[in-house]
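A.B. asks: Relevant sequence annotations retrieved from Swiss-Prot are reproduced here:
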TRANSIT   1-87  transit peptide
REGION    148-193  region 'Disordered'
COMPBIAS  149-162  compositional bias 'Pro residues'
COMPBIAS  163-180  compositional bias 'Low complexity'
DOMAIN    178-254  domain 'Biotinyl-binding'
MOD_RES   LYS220  N6-biotinyllysine
Amino acid sequence: MASLSVPCVKICALNRRVGSLPGISTQRWQPQPNGISFPSDVSQNHSAFWRLRATTNEVVSNSTPMTNGGYMNGKAKTNVPEPAELSEFMAKVSGLLKLVDSKDIVELELKQLDCEIVIRKKEALQQAVPPAPVYHSMPPVMADFSMPPAQPVALPPSPTPTSTPATAKPTSAPSSSHPPLKSPMAGTFYRSPGPGEPPFVKVGDKVQKGQIVCIIEAMKLMNEIEAEKSGTIMELLAEDGKPVSVDTPLFVIAP
């Protein structure tokens, strides 16, 4: 039988070096009885050998492959736009804003990736709505203002001239040669101080200068008319409750 000898020192050194390498696992091999006999010097001195197994680049069934971007955990990564894409998108948006301002565009919608922009222009709608009620309100206002002027024009002027000539007609001309007492103002002639009361003077009464002989109402004021001289009432020329004008003869007083 040939004998086999292996220096144990080299094997131990190899064990220390190999065991310290990353990714390499060491496993001690134990001989099992298989019916093969070795010389006594071999079986006693070399009963164990080291088996090396490298695990580098081995793929296990439950391991995750590594990609350039990192390990994939089974979930989809979120797509984040790059700065260049954002700048290009904003350039398009600014161009669209200029387009909306220069054209009659009411609404514009832009979608790109996960971004959505809606541009609405309300100036056109606001200018179109208000004119409608304005036109409906104008015609009735013009019609209302045109109607009233025709009514007040005809009524007031007619009664005033008819009443003034009536004042001069009832006044009778004095038959006496003495100058009459004339009215100093226009108004309504009253012989008594109030309704149902006796008159101030009658025909044939003697009066004194400064004595009240009648009342003339002008502008809602009662004006007392006094005798200009002392004498006797000869004639009564004005009618009670009738209007008189300036210088209308009222009485004839004879001294």
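Cβ coordinates are placed from backbone N, Cα and C, and glycine is handled just like the others.
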A.B. asks: Looking only at the domain 'Biotinyl-binding' (178-254), report the model's average pLDDT.
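C.D. replies: Overall, the domain 'Biotinyl-binding' (178-254) comes to a mean pLDDT of 92.
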A.B. asks: Within 10 Å of the Cβ of the residue listed as 'N6-biotinyllysine', how many other Cβ atoms can be counted across all chains shown?
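C.D. replies: There are 6 such Cβ atoms around the residue listed as 'N6-biotinyllysine'.
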A.B. asks: According to DSSP, does the residue listed as 'N6-biotinyllysine' fall in a helix, a strand, or coil?
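C.D. replies: In the DSSP reduction, the residue listed as 'N6-biotinyllysine' maps to coil.
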